[in-house]
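Enquirer: Pasting the feature list from TrEMBL:
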DOMAIN    42-297  domain 'G-protein coupled receptors family 1 profile'
TRANSMEM  28-49  transmembrane segment
TRANSMEM  61-83  transmembrane segment
TRANSMEM  103-121  transmembrane segment
TRANSMEM  141-159  transmembrane segment
TRANSMEM  205-227  transmembrane segment
TRANSMEM  239-260  transmembrane segment
TRANSMEM  280-299  transmembrane segment
């Protein structure tokens, strides 16, 4: 009750991060910095080749270019802040900067969920209806699909962030996280957050549940179509066109399930260890998936490999 009676407004927040583990901070600074540079290089190269190589001017690579740009934006919204927190003794962030970072991260995460669903539809049409592919997936269709993904993610972020910003924050201003993660921030509000929680549950159903269901149904049809191909070579060729996307989907959603699906410890000592584990899992989720995406598409796609080689030799 004391917390709700305090009226001193919060003008900024303190990001706890790894403050309780100072020895880890320098190690993770180097590790996260290297991973961030790989993200910028790998996704930057993918964006370049999808723009410069005329052979990659297709819906699949257009979506891939969007995914790479999205991954750069997502990591840039949080990684510089995390790196700075590893080196700065006083890990403070202003109110406006906190919600700005929250908005960008939320928008990019929601957009990626929708975009992966759009990419699944593209693979469904390519494998299940190859003769109609050029007619169905023309510019008038796939450009609005990508734009709609961005618009949906940004709109959701505007709603969630604006609701959080209207909450009163007073007293405790320590965020037990590396960044302004929305759930960690909501815990500090000195008001009822039930409407915020309900809004987030609805958003999670729309932006996590619906795309997962859509991707699952798409791949049921894709796998059924591939199994009906008589030759082993034909099956291999068909599966190779969607294996990279499927791998990215498994990594992306698999990490989310690992983060939020594991049981919570009831032992006080176990809670401290789990708190560190949850933070590190969240940290690596924010950098590992964007780092792996260009690697997966480069290793599993002959067209991308050839385009990268041409770019290097120019």
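Our numbering is plain: 1 for the first residue shown, then up by one each step along the chain.
Cβ coordinates come from backbone N, Cα and C, glycine included.
Are these features on the surface or tucked inside, and what touches them?
Expert: Same-chain residues lying 6 or more positions outside the transmembrane segment (61-83) and placing a CB less than 8 Å from one of its CB atoms are 15, 17, 29, 32-33, 36, 39-40, 42-44, 46-47, 50-51, 93, 101, 104-105, 108-109, 111-112, 115-116, 118-119, 122, 142-143, 146, 149-150, 178-179, 248, 283, 286-287, 289-290, 293-294, 297, 303-304.
Tertiary proximity for the transmembrane segment (103-121) is limited to same-chain residues at least six positions away from its ends with a CB under 8 Å from its CB atoms, namely 60, 63-64, 66-67, 70-71, 73-74, 77-78, 142, 145-146, 148-150, 152-154, 156-158, 160-161, 179-182, 203, 207-208, 210-211, 214-215, 218-219, 245, 248-249, 252.
Within its own chain, the transmembrane segment (239-260) is flanked in space by residues 60, 67, 112, 116, 119-120, 123, 126-127, 208, 212, 215, 219, 222, 226, 278, 281-282, 285, 288-289, 292-293, 296-297, 300-301, which lie at least six positions past its ends and keep a Cβ under 8 Å from the stretch.
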